[in-house]
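Some notes on the structure that comes next.
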Ligand SMILES: *[C@@H]1O[C@H](CO)[C@@H](O)[C@H](O)[C@H]1NC(C)=O
Ligand SMILES: *[C@@H]1O[C@H](CO)[C@@H](O)[C@H](O)[C@H]1NC(C)=O
């Protein structure tokens, strides 16, 4: 309830939900194979519900991964994910966009770090712009992400990049090029997801090892939605100001989103590179722009 402190914000959120619903009602219902293909271990990704959902499998033989068939320059990508329940320590489920260019990489990462039964999942986000990353932030989720599906979204336009968990913004990276901060805008990015074992670092810095006697581990995905400018695709799509994701409502957080973002930062943020003095004695310029 802390999230909805007043009637006013409740009404605002109802309006917001209605708006989100009416928008999505016009989106296309994507099956997995419409937009994606398996890129790692066919035998560990199963289509279910007529291809509208998939099950990812991690066992001692392999993890798995999938990627979009196209790359996109600006837009919004979202999917519903239900993470591994119970003892998921040492597992990492990732959902990210990546330019797939070695030298000058752009990348927007959601990484879900598993935990021991009853301990909270951590969501790590990172942003690479024009080849430079090292911008990790971590939040603990305020619900059990393995009990049900939740929507994870990356919005990317000329103004900012926003990572949403359901309708709560957990991270904002503004276009601060005017202050010399690099911003990804020149390269299209593909959409990727993987499930793998990373018990050398993922949970409590690698202290908690994966318990293989609990394998196989399963996570589930559905409601794939990519809206953006496919590359290659129509010329000038990405620079068009008429794309809905470039519209006024998407150029900055609204008051309700801002309150929710603030609530996450105060109550659920457990790591922010911006305040890590051992790594950055002087905070990087994007950190000084406020949120
Ligand atoms: C796992 O739970 C512990 C104890 O609550 C917490 O310190 C840690 O941040 C959690 N997440 C990870 C990925 O270790
Ligand atoms: C691994 O799982 C087994 C089976 O549930 C359990 O008996 C064992 O204690 C677990 N090991 C750890 C390190 O949690």
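Placed from the backbone N, Cα and C atoms, the Cβ positions cover glycine too.
TrEMBL: automatically predicted annotations, no manual curation.
Neighbour density for residue 107 (active site, nucleophile): within 10 A of its CB lie 19 other CB atoms from the protein chains shown. Residues or ranges marked as active site, nucleophile by TrEMBL: 107.
Cβ neighbour count for residue 111 (active site, proton donor) (all protein chains, 10 Å cutoff from its Cβ): 19. The active site, proton donor feature in TrEMBL is assigned to 111.
Feature annotation from TrEMBL assigns domain 'GH16' to 1-221.
Around the Cβ of residue 115 (N-linked glycosylation site), a 10 Å sphere holds 22 further Cβ atoms from the protein chains shown. The feature N-linked glycosylation site is assigned by TrEMBL to 115.
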I'm trying to understand the geometry here, so how far is the Cα atom of residue 115 (N-linked glycosylation site) from the Cα atom of residue 107 (active site, nucleophile), in Å to the nearest whole number?
25
Candidates near ligand 1 among the recorded positions 107, 111, 115, judged by a Cβ under 6 angstroms:
115
